[in-house]
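Some notes on the structure that comes next.
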Amino acid sequence: MLIAVLGCIYLHLKNKRESSLESTSPQKHLAMLRRPLLVMGPLGVVTAMELMFLIMGIALVCWQFGHYYYVSVKHPFMGHGREHQKEWQITFRTVSLRLGYASNISWAFVFFPVIRLSSLLPLVGLTSESSVKYHIWIGQVVMITSALHSAGFFIYWAIVNQLYLALEWSKTHVSNIAGEISWVFLIAMWVTSFAYTRRKSFEVFFYTHQLYALATFFYVVHIGVAWTMQLLPGIFLFTLDRYLRFLQSRSRARLISVRVLPGGTVEMTFSKSRGVRYNVASNLFVSVPKISTLQWHPFTVSSNDNMEPDRLSIIFKTGGSWTTKLYKELSSSSLDRVEVAVEGPYGPASTSFIKHKTLVLISGGSGMTPYISIIREIIHQSNTQKGPVPKVLLICAFKQAADLTMLDLLLPTESTPADLSNIDLEIQAYVTREDHAPAINNQDMVVHTKWFKPSPLDSPITPVLGQNSWLCLCLIITSSFVLFLALLFFVTQYHIYPKDKNTNNVYDFTIWVLWDVFLMCVSIIFISSIVFLFQKRKIAALEEKQIQNVDVPTPMTSPGSWLCGGGGELESLPYQSLVQATQVNYGGRPDLQKILLECKGDDVGVMASGPRGLRHDVARICSGFGATNLHFEYLSFNW
């Protein structure tokens with residue numbers, strides 16, 4: 001908790017002190033630690049730094065188990081009814097119990113990687129998106145240790161003929177049945193959390209993963225107040241983050257327009273306050289209540305905060321059932337307004353990858369989306385003369401020729417055309433399922449743009465805690481935690497202990513936990529609501545002055561029609577430059593090893609976005625001994 005508070009102060013001072021150019025300088029001394037070290041199926045792409053974290057985490061769990069087991073051997077606790085048990089039976093029970101302690105230390109860390117508004121993750125250069133891998137790893141350790149703990153006790157009870165204890169809900173010590181209920185919820189979450197289920201049935205994964213609240217609640221009831229204190233920082237900060245996200249999502253975001261491209265690709269553009277600042281490759285979580293009131297889907301932000309200060313755009317391509325329904329909804333000719341709720345945007349802590357001399361961006365299908373904001377940032381820096389910009393090589397593979405129209409989105413829809421003459425941009429596009437350029441009528445390649453009427457019920461996307469968000473977060477964490485401790489003191493001192501003393505009984509184990517959970521939630525809700533409402537009043541005037549809607553001319557004919565072999569004439573100079581910089585190859589896949597190893601220079605940044613196999617292939621190439629000039633930049637674009 002102390003690090004979280006100090007981290008907020010540090011990040012606030014850092015933002016005030018450093019300009020965007022200085023803050024994105026590459027960290028040379030960490031380059032070796034960021035290189036891919038392992039590329040394994042269950043672990044994915046593992047860098048040297050991630051391997052260090054993994055080893056330290058496993059060592060901590062092993063130390064936790066070994067320490068408590070050693071103490072229990074030195075000072076055995078026999079307990080009632082165990083004086084007649086054999087020594088190996090007592091040892092077996094001791095091992096099972098200490099495995100539960102090891103599981104508890106894993107529980108203590110499982111929430112930190114998925115806290116989106118976190119000051120802890122940026123301190124080590126991570127965001128909740130890129131640290132989901134850590135959440136998965138820690139979750140696996142939780143499942144393994146808790147499974148061994150539970151199975152051990154069932155075996156022990158069966159051996160000593162005490163299986164009736166499995167149904168015990170004790171008022172004075174551990175509640176066994178609460179732990180078993182928690183384990184059932186964990187099993188459901190674990191079975192549906194594998195990558196195959198997430199890709200094929202995201203809804204199943206999403207809904208079953210919401211059982212985390214029940215699993216956590218019954219778990220803390222099972223372990224009691226004392227051991228819950230070990231979990232408190234993670235649960236406290238996650239609950240605080242979750243409530244702030246709830247407050248932000250209550251307002252409906254103002255959707256300005258959508259651009260519908262051939263191939264089922266859609267760009268959604270929202271109005272935003274200038275106080276919302278974000279980096280390239282940021283994520284925005286979107287919910288459309290008409291489709292689903294519970295589902296939230298992450299999308300990469302394609303707009304650039306410097307080039308489009310009043311707007312924020314995301315891009316999606318139809319694939320799953322949710323995006324297909326959204327595509328049909330936005331394509332409806334009678335639609336004049338769509339209710340959309342958003343959370344974020346949440347961006348990477350560092351954008352040092354833009355500072356490489358050469359930047360190779362490799363994508364498959366809709367994996368090109370994160371690179372749109374990166375290229376727009378490079379265009380902006382080249383036009384504003386903010387120092388040298390990298391040479392950019394974009395390698396993108398598509399299944400169909402119609403998907404080439406996604407290249408149109410590299411340029412923003414703005415009245416002032418982007419100047420591409422100051423950047424060295426090369427695009428190599430590959431169409432894998434067609435052998436030659438199809439003869440396509442220009443009418444088939446039309447980009448449809450739909451503008452939505454502004455509604456007083458909608459508002460621009462605003463920062464949840466205002467412009468000084470880190471200071472506000474510091475205030476909320478400090479105040480709510482102090483309030484929680486104060487309430488806990490009074491309830492314990494004037495209610496729980498007096499009742500124990502007057503009745504000569506131990507206070508109910510479960511009710512004591514319920515008091516702690518209740519006081520924590522009250523403290524978070526009370527303080528967060530006050531700060532949020534105060535900040536919302538400050539930015540209310542800015543929302544009223546926000547530009548409601550600006551019609552921007554959009555080219556009706558896509559330059560993708562030229563790339564696909566269609567005719568036509570492009571009058572826009574930027575689009576002409578884009579077409580000239582693009583080379584289209586049909587009927588094959590890019591030879592990534594040949595392309596990457598032929599890259600000249602000692603500072604080549606490489607990024608991969610798309611299917612799992614593509615990302616792993618790129619990581620293997622960059623980790624080879626002959627690729628010392630290749631610096632693999634890992635950002636998680638896939639959940």
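We count from 1, first residue shown onward.
Backbone N, Cα and C define each Cβ position, glycine as well.
The stretch that TrEMBL tags with transmembrane segment, taken from the ranges 105-124, 205-224, is 105-124. Of the candidate ranges 227-244, 389-406, TrEMBL annotates residues 227-244 with the feature transmembrane segment. In terms of DSSP helix, strand and coil, the domain 'FAD-binding FR-type' (248-352) has 14 helix, 41 strand, 50 coil. Beyond the ends of the transmembrane segment (177-197), by six or more residues, the same chain brings 136, 139, 142-143, 146-147, 150, 166-169, 204-205, 208-209, 211-212, 214-219, 221-223, 510, 612 to within a C-beta distance below 8 angstroms of the stretch. Remark: the transmembrane segment (227-244) makes no contact with the transmembrane segment (37-66), by the rule of 3 or more CB pairs under 8 A. Taking residue pairs at least 6 apart in sequence, the transmembrane segment (511-534) and the transmembrane segment (136-157) share fewer than three C-beta contacts under 8 angstroms. Tertiary proximity for the transmembrane segment (37-66) is limited to same-chain residues at least six positions away from its ends with a CB under 8 Å from its CB atoms, namely 30, 98-99, 101-102, 104-106, 109, 133-134, 137-138, 141, 145, 612, 615-616, 619-620, 623, 632, 634. Here the transmembrane segment (511-534) has long-range neighbours at 217, 220-221, 224-225, 228, 232, 235-236, 239-240, 243-244, 247, 464-465, 472, 475-476, 479-481, 483-484, 487-488, 491, 496, meaning same-chain residues at least 6 beyond its ends whose C-beta is under 8 angstroms from one of its own.
Beyond its flanks by at least six residues, the transmembrane segment (105-124) meets 3-5, 7-8, 10-11, 57, 60-61, 64, 131-135, 138-139, 141-142, 145, 219, 230-231, 233-235, 237-238, 241, 244-245, 343-344, 346, 349, 464-465, 469-470, 473-474 of its own chain at Cβ-Cβ distances under 8 Å. Regional average pLDDT for the domain 'FAD-binding FR-type' (248-352) in the model is 83.
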